Amino acid sequence: MTMIPFNATRVTARVGDLDITLETGKYARQASGAVTISSGDTTVLVTAVTQPLAEDRGFFPLTCNYQEMAYAAGRVPGNYFRREVGRPSERETLVSRLIDRPIRPLFAKGFTDEVQIIATVLSADKRVNPDVLALTGASAACHISKMPFLGPIVGARVGYVDNEFVLYPSYKGIEERSSLNLIFAATRDAMVMVEGGGNFVSEDLVADALAWGHEQVRPLFDIQDELREKVGVPKLEVTPPQRDEQVAEYLGEILTDDLKKALTTPEKMVRYAAKDAAKQKAKVAVAEKFPDDPSKLAAVEDIVGDMTKKIVRERIVKEGLRIDGRNTTTVRPLSIEVGVLQQTHGSALFRRGETCSLATATLGSTRDEQRYDSLLGDATKRFMLHYNFPPYCVGEARMLRGPSRREVGHGALAERALTPVIPDPENFPFTIRVVSEIMESNGSSSMASVCGATLSLMDAGVPISDPVAGIAMGLCKEGDQYFVLTDILGDEDALGDMDFKVAGTRDGITAIQMDIKIAGIPQDVLKKALQQAKEARTHILDHMAEVIAKPRPELSTLAPQMDVVYIDPEKIRSVIGPGGKNIKAITAETEADIDIEDSGKISIFAPTLASMEKAKEMVLYYDQKPEPGKNYKGVVRKILEVGALVEILPGQEGMLHVSQLDFERVDRVEDVVQLGQEVWVKCIALEPGGRIRLSRKAWLMEQAGQEVNLDDFKRPAPRGDRGDRGDRGDRGDRGGRGRDRDRDRGGRGRDRR
């Protein structure tokens, strides 16, 4: 029987320092389009499948899923089931959104078949991040398929290391060396999506990075076209939706004034009610005008939408005014308050126009860190920002479920904006969780979350390095004119050509997110948008500083108390105790969380200051070192012929010689102390070998009011050196043995002459 070889088609391009390969025909051959994209030892399989729907849902049903398989990195999943579970991780959700956002607008209008894109990481090394490869792979899979996809696009990451731009930087390069982590997706002509962050980078650096990166990835457009030429199938023909000009003309006559009035109403809910009334009027009028043609009524929704878009944009172009009467550069009115909730560690209410965030900050111990699996191994995260968008914030009623992809994405953006200002764990070893509850929404709730989160952190006393604020920018393009809009409303987001969110401090940008709905924007327009965003950001920071300019000098009294102590690493075993006995006793008595590191660093987190001090005292008890001259209440651990071993400190025993048990001669150790007995002793010496010498006699002398001189308790010098024998007159501690030995030694001396 003849073995049939796999028949795969492969194309490769050199981009930056990497060779990137697209291959098709080997995997998932029954998908509408399937490619593997590889670089180094990282390989991602991307499939795209389309199928017709039984009925038109009125929207484009696209689903994008990115999944990281543990086997790709030679790992077994760490969960109970030891397999990839159904719920995607936060990273998988974010990368899925990263693929969806630039891909979705590039399908032909009128195409409503269901499309599912699945990107599966098959192999992963520690050099090449698979996320942007998956984005390019998704474009290639759609490009070679029958789907009416108007690509290709390319996804890439740009870093900034040692004053130079780097394409596709490694994991390590991003984490340790790069001041910029910028992901973009672009067509041949322009950017369509940007996502990333930086350590206070300038607006010009961001713009230059995007321009440089776009130029570098051009070979990846070529290999996608080459792959389509080799294996691509004919595209589906799609008829764009046709505008019913008869209905449009009729509605223009009867509805324009009503819509113009509605679209100059500043209040969102009043405006929406007026728009709904105008739309209902249009439906009734069209039904009466064309009673025998249901298609006329079906056209009303789209035509009213087109009229709304035209009215809003014409007012911006001709009058320089927007829906709520602002010009293109004005930020909506601000309201700010901190300390609004009594039992939280920090809280703030930030309102900008009709968008409002209630932000809370909560501090926890290192045990509260988020622990998760990743392709690189087990990982932890000590700063988390969670974003919640309840239905009431937009006047809706719907089921409450888990966090949506949008909520995960908005939270990650706000978290990225604040991460550069969070204190490092060495100086502030708390776990920090911020939650932004959106109270009302009319545009850019994610940037309101950035502002609210900053305020709540400062209210909690978290020593952030600088306050952070964020703003959302929009764009209206008419012909060759570009109008950049500051602080866009929800309607301006929907009706405009760009949603551009920028967050940062006074010194630079920390997070950026951009989605462009048109073919692209010139470099000078991008720079103008960035500069306009900086001015708005500074304006907001000024208002925030009027309420709270810097973090409170002390943590909230409700926050956990924390201290760090350092002990001898050899004493860690004593702190823990057999079977964890000692550490369990400490935590039970003080209600403290105690984290012990191999280096001897011990972090103590306690609910109150008194609890923390008690826990600290109990921990340090096990790290004590015996001090000569100090009294100890010890326990007799062993009886020897020459004395007793007494434990004076945890795990530390000293020798209590029989001669040091009492003033009088002691023949048997057991006559004075018993095994397990508590006994007071004084430490009289620490010998070079680490041995501890103890004396009960010295302690008794002290109790009797006698002065104790530790020099009197020194060991006698070796026989070979008899020069430093001191005064031999006081030999009371040796009983009568001294006189007997003197007489014996005298006679022996005469014999030796």
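Using N, Cα and C of the backbone, Cβ positions are placed for all residues, glycine too.
The shown structure was predicted, so the numbers you read here are calculated from the model rather than taken from an experiment.
For Asp493, Asp499, the entry in TrEMBL reads Mg(2+) binding site. Asp499 (Mg(2+) binding site) carries a strand DSSP state (E or B). All protein chains considered, the CB of Asp499 (Mg(2+) binding site) has 21 other CB atoms within 10 Å.
Annotation source TrEMBL lists compositional bias 'Basic and acidic residues' at 711-753.
The domain 'S1 motif' annotation in TrEMBL covers 629-697.
Look at TrEMBL and you will find 709-753 tagged as region 'Disordered'.
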**OP:** Determine the Cβ neighbour count for Asp493 (Mg(2+) binding site): the number of other Cβ atoms within 10 Å of its Cβ.
**Re:** 17
**OP:** Give the residue counts of the domain 'S1 motif' (629-697) per reduced DSSP state, in the order helix, strand, coil.
**Re:** 8 helix, 35 strand, 26 coil
